[in-house]
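**Q** Sharing a structure here in structure tokens format.
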């Protein structure tokens, strides 16, 4: 009921009545009802916060954020006599424009309301307070959480947090970030969660920046110095941030599962002695991963380091013993091992290069993302190519390089070579401090143990049935876990390729992942190529599947997108009806134009759309305005580096030089922006010889975006005052062309100004397999 009612309000864009009034009133109504029905064991306090503030962030290449009068609904549930410490549970009720935002993040707010209801009706008193933050401006790049953690009086009592997010629609909620440090938090999740699903691999992938996304976790960590747990739904990311993100697509089982887990974790933390003394348990990272969703293994990273090095030492002791038996042949044995080691690495490199060449070819001929709707196509195309190439390299080596060598001996040597590779990888990853090194531990410990247990079978000629069965049983767990992990990774990454911009070829990314997993899964089966009599049948089968799939892909039979009502996989397109004005130093308009700016959010751009709207081919492509920041285009966020058009056409001015220190003066200007729409983007470019030294935004230190221009993202709630700020620049005494260009773009995401008649008409003609999000905007450039 909560979820249906929140999404029924419609898109909840920051600044809109739907977000600032209707959603807030609904939340307050439910909270007041829960308060009336609560037991005497608890006290419930409610506060509406409308903060104003600013901060800089290195997300998306770096920019500065400013917010005014945005909305937070904050509820504190505490024992009747109060509590000194608290645990925070965070969700956000705002959504991106033109989407209902059921999974991101209305379902989390619905879960939090029900948890508040359940806890408030319990006769059992809590030891610590639980603060529920329903934040109203997360989609505006984490603004509301910043306003809360840096300004709200209750924030000082928070010792830990649980952040509820989404990168998909429903499914299991994955713990993909914890800490920083504070291993006791992971242990709390391990003990309390009824349906655990967690991975330190996901944490290290996410924090590497590979996925273009971020959550409120960053704000609480960086600005509040508070440790926490970050959870997100990851299933069906194809419809994340689209009109298809509706409440009916989220299964009741997913909601129940999330509720069971989060309620148990919050209750555990709110009654834990460690919460009050969390800083005493701060030090140390933790290795954690679930076993097929049944339970979670977690242990301190320092323990993992010891285990890893012991495993490496045992493996190298085993390899050394093998090389030294018998001693007179030690040098010869070492040469054979290093040759097999080198050949295995060479086969991996050849496979990676060959498969990436296929991916490049597919991208060049305009068939990128053919697997987006049909994932099996990627396996049939790149997986078979990778496996065939690996087999081919080793088959040729067996035929020509190891022509008269004993097959059993070759199988033994190549097993040891794979063990050596994984042992080195384990040592390197452990030295780098990566908790994901536990994967390498699995791929050293289990194979080594298997080899020691069936060493007699290894000495027998050929690959007997008994040997194969025992070998497979010994390798069962690492292979099963790797398949489980790879499926999780592909489930997260494949949909991301549909919203990662047009700069990076997605086929190369996915092909790279498939090759990596193929190399991992095949590493201890390479020896079978040398043990069996022939692999021709396998090679021919794989090659046939690859060739047939490649022909079908080239023919265009696999269309990337789908409008299937039950399982849509739409193409994302942004359309901005833009009016631009460029002013000179005297304030006169020297150029003005208008048009609809279209951005396809994947590598295919709009090539699949033009056959449906052929007029797009006849339009004039606006060149980059080189004198203007960000090419004179009204970017809502600094994502220009993700798009080929922008990068190919822009030439940024270099920094000036040749001036002595005495030739500079300071220019300090106060600027006032009258109240405009709820979302605006400010772009600043100092001219050659000038430099932006300070401003009144963020922490006072200007943060440039990629390319050197400065980007400020502005948003506001209702009844915000005009935006006042100042900038300070150093400039040469002679600056006849001005010292700085400043542009502002106003974005109309809701209301009667959102879409012009021309934009409406164009959107109506887009095919039903697209999610086309449109709005109107203005762009004004000034020179000072």
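Glycine is no exception: its Cβ is also placed from the backbone N, Cα and C atoms.
This is the feature table in TrEMBL:
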type: DOMAIN; residues: 72-265; note: domain 'Peptidase M28'
type: DOMAIN; residues: 334-554; note: domain 'Endoplasmic reticulum metallopeptidase 1/1-A TM'
type: DOMAIN; residues: 568-644; note: domain 'Endoplasmic reticulum metallopeptidase 1-like C-terminal'
type: DOMAIN; residues: 675-782; note: domain 'Endoplasmic reticulum metallopeptidase 1-like C-terminal'
type: TRANSMEM; residues: 291-319; note: transmembrane segment
type: TRANSMEM; residues: 340-365; note: transmembrane segment
type: TRANSMEM; residues: 371-392; note: transmembrane segment
type: TRANSMEM; residues: 413-430; note: transmembrane segment
type: TRANSMEM; residues: 436-455; note: transmembrane segment
type: TRANSMEM; residues: 467-490; note: transmembrane segment
type: TRANSMEM; residues: 510-532; note: transmembrane segment
type: TRANSMEM; residues: 539-561; note: transmembrane segment
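How about a rundown of where these features are and what they're close to?
**A** Helix first, then strand, then coil: DSSP counts for the domain 'Endoplasmic reticulum metallopeptidase 1-like C-terminal' (568-644) stand at 13 helix, 26 strand, 38 coil.
In terms of DSSP secondary structure, the domain 'Endoplasmic reticulum metallopeptidase 1-like C-terminal' (675-782) contains 8 helix, 53 strand, 47 coil.
Listed by sequence, the residues of this chain that lie at least six past the ends of the transmembrane segment (413-430) yet keep a Cβ under 8 A from its Cβ atoms are 304-305, 308-309, 311-312, 315-316, 318-319, 322, 336-337, 340-341, 343-345, 394, 436-437, 440-441, 443-444, 447-448, 451, 458, 523-524, 526-527, 529-530.
A Cβ distance under 8 Å defines the sequence-distant neighbours of the transmembrane segment (436-455), meaning residues of its chain 6+ beyond its ends; these are 200-201, 204, 287, 289, 304, 307-308, 311-312, 314-315, 318, 415, 418-419, 422-423, 425-426, 429-430, 467, 470-471, 474-475, 477-478, 481-482, 485, 520, 523-524.
Remote same-chain residues near the transmembrane segment (510-532) are listed as 344, 347-348, 351-352, 355-356, 358-359, 371, 378-379, 382-383, 386-387, 390-391, 394-395, 398, 402, 407-408, 410-415, 418, 421-422, 443, 447, 462-463, 475, 479, 482-483, 486, 489-490, 493-494, 497 (criterion: CB distance under 8 Å, separation of at least six residues from the stretch ends).
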**Q** May I ask for the residues of the chain that lie six or more residues beyond the transmembrane segment (371-392) and have a Cβ under 8 Å from a Cβ within it?
**A** 238, 347-348, 350-351, 354-355, 358-359, 362, 490, 494, 497-498, 510-511, 514-515, 518-519, 522, 526, 529, 535, 538-539, 542-543, 545-546, 549-550, 553, 558-562, 569
